[in-house]
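A.B. asks: I have a structure I would like to understand better, so I am pasting it below and will then ask my questions one at a time.
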Protein chains: 2
Amino acid sequence: MIDVCLLGCGGSMPMPERNLSATLINYKGRKILIDCGEGTQVSMKMVAWGVKSIDIICITHTHGDHIIGLPGLLSTIGNSGRTEPLTIIGPEGITRVVNGLRVVAEYLPYEVNIIEAPSKVELNVSKDGIHVAENNEHRKIHSSEIILNAIDVDHSSPCKGYSFYFKRERKFNVEKAMANNIPKNLWSKLQRQEEVTFEGKTYTGDMVLGDERRGVKISLITDSRPMDSMVEFIAESDLFICEGTYGKDEDIDKAIKNKHMIFRESATLAKEGRVKELILTHFSPIMGEPAQFIDNAKEIFDNSVIGEDRMVRTLTYMD
Amino acid sequence: MIDVCLLGCGGSMPMPERNLSATLINYKGRKILIDCGEGTQVSMKMVAWGVKSIDIICITHTHGDHIIGLPGLLSTIGNSGRTEPLTIIGPEGITRVVNGLRVVAEYLPYEVNIIEAPSKVELNVSKDGIHVAENNEHRKIHSSEIILNAIDVDHSSPCKGYSFYFKRERKFNVEKAMANNIPKNLWSKLQRQEEVTFEGKTYTGDMVLGDERRGVKISLITDSRPMDSMVEFIAESDLFICEGTYGKDEDIDKAIKNKHMIFRESATLAKEGRVKELILTHFSPIMGEPAQFIDNAKEIFDNSVIGEDRMVRTLTYMD
């Protein structure tokens, strides 16, 4: 089970009734945060999922409304007693901006690692947290638990869209293990997909595990114009969180000028990407009530939903 | 008339029900902001006094809870259409921190001037805004309208307390002008306290103006331990806004360790400084309901008040 919370659904500037867009993913009690505008930690406090367990922070781009909350959150995480390293992932330029903002959060009781402009990051999960899979670790354990993919999108500054694929464990197949004559003392290691050499012979997880099972895919695109390449990137997502800065079709010129989308465009991506649900977010401050424009999305993709601050979705494996 | 609004009354981290401490002063429609933690612009939006008219921003110190909101506010002010320069005043190190934070607000449509660690700044007021008095201007016009004084206080990083003295105009005294044989064509210039040389003779405002009249004094101290020098600094303030991070007397050890005050200490300063009103602010997140400790202040200084977010005081000249 994976919980996803929209901490805020606003773009541009924080508003009394609408936090800036940020998303918190909870997986086995550990957290991945996507974007951190001013006030994100306040919304997080209201949700009360905790801050100490935030292991990964993905920043889409370095515009203030997506990153100004970072130094305050890093300080608050420090005050929570965290000592384990934390990883920040972002587009080209993220290192310079994080280091600039850290002028007010210079001394933290934990290490901050930055991965700049990756296209793919494999993540493993343990009781201690979600960790970036090291190369050598990756060689031994063939299957990382979470695959993060990043795509370059079309905004006025370098900007990344993200997708997260949470793999589902393959079932242990006793018949297969027996048929392959696998020594019983290796079963648990092979179930964890470790490669084991025993009495001169090499064994892999494939020898004891059943078929691959579909995991859960979450994808997030903000801020950007629509792009053809997004269709494949978001394909078959269980949840697609996408910017819909403007609801009205007539705002298409503004959307083109400011490198954003109108609802109809976000819904077209959702339809072409065959996602299960689209949640719209990152509403312009000039749009008081986004719900009045929902039909512009629903006409294209029926399962379109207007995001609301602290809306939660719980995603489960399907079969 | 001077309006003062406590935008927030919290310390340390922004909370759902309590913004970080920041104060907005409105004088003749122009604004002076003191401190700008994360979320300050949201509270400002609720107050709806406008952001375009903020001419001076004083930062007490560069801890995140007093400055993280700055880059977002500067951007929002930029979006408001402001093109006039804005002045930031702060303690030692302010330039480095503002420049660091501006990594997300690099391009603004107005100039940002920084005055680092001043002890006194004279301010003039025109329709265009509140301006720092230039030296040569100061020579000609003998009386700046607002005197900002700054004091070094006792915190864990360089930190300034501020006081603002809003001068009251002296009355024009016709009898005195007549008795001093002042040519009538000079009266208006002399009333504005300009020095005028006419037909070989130098005239000053003193020749036509009545006695000095008491202005309005506002002083603000956060974050600090109490200091003897504060008594003179805040003396006779119409309004003294002072940190009271802890309400309970038993928290004195925490106050000493973290360089803050308990209510009783803030009230002792208010009493010794003979201020008219003390508003307590900058409450610790661990203090859910500061009002339950108000008696600890009132026992020392009766006109002690618990600050609340967006509480407003309107100060008028007394005589």
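Glycine too: its Cβ is placed from the backbone N, Cα and C atoms.
Copied straight from TrEMBL:
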ACT_SITE  B:ASP65  active site, proton acceptor
BINDING   B:HIS61, B:HIS63, B:HIS155, B:ASP223  Zn(2+) 1 binding site
BINDING   B:ASP65, B:HIS66, B:ASP223, B:HIS282  Zn(2+) 2 binding site
A.B. asks: Does DSSP give B:ASP223 (Zn(2+) 1 binding site) helix, strand or coil?
C.D. replies: coil
A.B. asks: If you draw a 10 Å sphere around the Cβ of B:ASP65 (active site, proton acceptor), how many other Cβ atoms fall inside it, taking every protein chain shown into account?
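C.D. replies: Neighbour count, Cβ to Cβ under the 10 Å cut-off: 26.
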A.B. asks: Out of the binding-site residues B:HIS61, B:HIS63, B:ASP223, which are near chain A, with a C-beta less than 8 A away from one of its C-betas?
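C.D. replies: Cβ contacts with A, in sequence order: B:HIS63.
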A.B. asks: Between B:HIS155, B:HIS282, which of the binding-site residues has the fewest other CB atoms within 10 angstroms in the structure shown?
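C.D. replies: With the binding-site residues B:HIS155, B:HIS282, fewest surrounding Cβ atoms within 10 Å: B:HIS155.
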A.B. asks: State the Cα to Cα distance, in Å, between B:HIS155 (Zn(2+) 1 binding site) and the residue listed as 'active site, proton acceptor', rounded to an integer.
C.D. replies: 14
A.B. asks: Far apart in sequence but close in space: which same-chain residues, 6 or more away, have a Cβ under 8 Å from B:HIS66 (Zn(2+) 2 binding site)?
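C.D. replies: Within the chain, B:HIS66 (Zn(2+) 2 binding site) has Cβ neighbours under 8 Å at B:LEU20, B:SER21, B:ALA22, B:ASP35, B:CYS36, B:GLY37, B:ILE59, B:THR60, B:THR222, B:ASP223.
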A.B. asks: Across all chains shown, how many C-beta atoms besides its own are within 10 angstroms of the C-beta of B:HIS63 (Zn(2+) 1 binding site)?
C.D. replies: 22
A.B. asks: From the Cα of B:HIS282 (Zn(2+) 2 binding site) across to the Cα of B:HIS61 (Zn(2+) 1 binding site), what is the distance in angstrom?
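C.D. replies: Counting only the Cα atoms, the answer is 13 Å.
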A.B. asks: So around the Zn(2+) 2 site, B:ASP65, B:HIS66, B:ASP223, B:HIS282 aside, which residues have their CB within 8 A of the centroid of those CB atoms?
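C.D. replies: Nearby residues not in the site list: B:GLY11, B:SER12, B:LEU20, B:SER21, B:ASP35, B:GLY37, B:THR60, B:HIS61, B:HIS63, B:THR222, B:GLU243.
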